[in-house]
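Have a look at the structure below before the remarks.
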Amino acid sequence: MATSMGSVVLLCLVSPLLLPSVVLGHPWGGLFPQFYDHSCPKAKEIVQSIVAQAVAKETRMAASLVRMHFHDCFVKVGGPYWDVPLGRRDSLGASIQGSNNDIPAPNNTLPTIITKFKRQGLNVVDVVALSGGHTIGMSRCTSFRQRLYNQTGNGMADSTLDVSYAAQLRQGCPRSGGDNNLFPLDFVTPAKFDNFYYKNLLAGKGLLSSDEVLLTKSAETAALVKAYAADVNLFFQHFAQSMVNMGSISPLTGSQGEIRKNCRKLNNGH
């Protein structure tokens with residue numbers, strides 16, 4: 001069933017190539033929610049069904065899809081809902097160096113994180129709202145070990161980390177070894193898209209340094225953390241808009257790029 005449906009999805013994605021696919025002057029620069037309405041009117045339902053099956057089999061898949069933005073993500077996996085501008089095509093190349101330079105790392109300082117977002121045309125609200133995607137998903141021990149044992153080079157734990165929470169984390173994340181041991185980014189409701197991520201930050205229980213600095217290093221970002229912790233609907237509203245903003249970063253449309261038959265590689269096999 002999944003294989004046949006996957007084939008239909010591929011057909012749906014390819015068929016718009018037979019039609020004029022760039023809407024000039026559209027506010028999303030060629031991307032729009034109704035992109036597949038005529039060429040494949042059931043595209044959203046098909047993708048939603050396949051993703052629902054995948055998430056039911058492995059809940060971590062939801063976080064993985066949010067993290068990679070799932071290209072044109074049609075799907076509501078709990079939490080907020082938004083109309084996603086569709087029509088993005090795949091690139092003809094990829095840059096590991098570019099990814100490393102542009103994507104915030106777990107131990108980046110807040111100014112570095114904000115700078116990386118601003119390079120892509122995103123702002124501080126986008127930084128804090130999109131960080132809320134950490135309400136689901138897992139992180140490896142190696143991504144936060146420094147906070148537990150030697151945050152500032154003095155052999156001490158991060159002082160902003162709750163003591164009892166740090167002790168709990170050390171049980172599964174030793175000084176050496178266990179690099180790939182997994183921990184929920186939101187230990188309260190790890191499989192639910194809600195605003196406990198922000199509530200955890202207020203309690204000193206954010207897992208990554210890049211999470212906790214949102215509260216401790218800037219009055220502007222701290223105000224947003226507190227606002228989202230107090231009002232889940234505000235978080236959902238801002239998160240949805242920021243996802244649209246992120247999805248609109250330099251999209252390939254029309255005849256640009258390609259639609260990959262296998263997302264892992266180019267159609268020419270390279």
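Even glycines carry a Cβ here, placed using N, Cα and C.
Residues annotated as signal peptide in TrEMBL: 1-25. Sequence annotations record features per position, and here TrEMBL assigns domain 'Plant heme peroxidase family profile' to 42-267. Feature annotation from TrEMBL assigns substrate binding site to PRO104. What TrEMBL records for HIS134 is heme b binding site. What TrEMBL lists as Ca(2+) binding site is THR135, ASP186, THR189, ASP194. According to TrEMBL, the feature disulfide bond maps to CYS141-CYS173.
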Completion exercise
Densest Cβ environment (other Cβ within 10 Å) across the binding-site residues THR135, THR189 belongs to THR135
Practice task
With an 8 Å cut-off on Cβ-Cβ distance and a minimum sequence separation of at least 6, pull the same-chain contacts of CYS173 (disulfide bond), or say none.
Solution key: CYS141, PHE144, ARG145, LEU148, ASN181, PHE183
Fill in the blank from the handout: Given the Ca(2+) site THR135, ASP186, THR189, ASP194, its other Cβ neighbours within 8 Å of the Cβ centroid, in chain order, are ILE136, VAL188, PRO190, LYS192, PHE193, ASN195, PHE196, TYR197
Handout entry: the residue listed as 'substrate binding site' and ASP194 (Ca(2+) binding site), distance between Cα atoms, whole Å
Key = 22
Completion exercise
Taking only the CA atoms, the spacing between ASP186 (Ca(2+) binding site) and PRO104 (substrate binding site), expressed in whole angstrom, is 19
Practice task
Do me a favour and check the Cα-Cα span between THR135 (Ca(2+) binding site) and PRO104 (substrate binding site); whole Å is fine.
Solution key: 17
Fill in the blank from the handout: CB contacts under 8 angstroms to PRO104 (substrate binding site), restricted to the same chain and 6+ apart in sequence, sorted by sequence, are THR112, ILE113, LYS116, PHE117, SER210
Fill in the blank from the handout: Whole-number Å distance separating the Cα atoms of the residue listed as 'heme b binding site' and THR189 (Ca(2+) binding site) is 11
